[in-house]
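Q: Annotations for this protein, taken from Swiss-Prot, read as follows:
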ACT_SITE  GLU16  active site
ACT_SITE  CYS111  active site
ACT_SITE  HIS130  active site
Amino acid sequence: MVKVCLFVADGTDEIEFSAPWGIFKRAEIPIDSVYVGENKDRLVKMSRDVEMYANRSYKEIPSADDFAKQYDIAIIPGGGLGAKTLSTTPFVQQVVKEFYKKPNKWIGMICAGTLTAKTSGLPNKQITGHPSVRGQLEEGGYKYLDQPVVLEENLITSQGPGTAMLFGLKLLEQVASKDKYNAVYKSLSMP
């Protein structure tokens, strides 16, 4: 069965975290919030002051290879401070590199979290992200597309909080049956 990791750090955007979380929960696909930070209690303070406890810390996972044995989807949300932490953490970078090489593994990045493609050294791809990071992505050799969601091989990127539901649904579409996807889509009352 598919299992999802949703990375989280202090400063992560609440909407970009909550949308994919809710979508995978509705689909009854196991999902963990994996904290990247130093708080031993895994208490995360999001970008707009929402606080939550993550399921586990990345420090509990010995290596990117062990991570790949436990998870099939790695999601990297944005939020200025959170995205900076996630995109500069060697463990997250290694996970992204490992997942990119493996079949049946998916990487999702949204908003400023898309900078992780650059810091992880992923090959130049078509990508989207928050307009504020467009220049940095283009400087890294990526072709920025002004679209809500971009699917390029096993990398799915999205622009920001306003596109978070579409982002979560695109990730779900890759791993769920058509019936399951349609049931979740309908349950969300999407326009």
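Here the Cβ of each residue, glycine as well, is placed from N, Cα and C on the backbone.
Remember, predicted model here, so these are calculated numbers, not experimental data.
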Q: Determine the most Cβ-crowded residue among the active-site residues GLU16, HIS130, using a 10 Å radius around each Cβ and all protein chains in the structure.
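A: Buried the deepest by this measure is GLU16.
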Q: Determine, from DSSP, whether GLU16 (active site) sits in helix, strand or coil.
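A: SS state of GLU16 (active site) = helix.
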Q: For GLU16 (active site) and HIS130 (active site), what Cα-Cα distance in Å is obtained after rounding to a whole number?
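A: Answer for this pair: 12 Å between alpha carbons.
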Q: Tell me the Cα distance separating CYS111 (active site) from HIS130 (active site), rounded to the nearest angstrom.
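A: Checking the Cα atoms of HIS130 (active site) and CYS111 (active site) gives a distance of 4 Å.
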Q: Among all protein chains shown, how many Cβ atoms are found within 10 Å of the Cβ of CYS111 (active site), not counting that one?
A: 32
Q: Using DSSP and collapsing to three states, where does HIS130 (active site) fall: helix, strand or coil?
A: coil
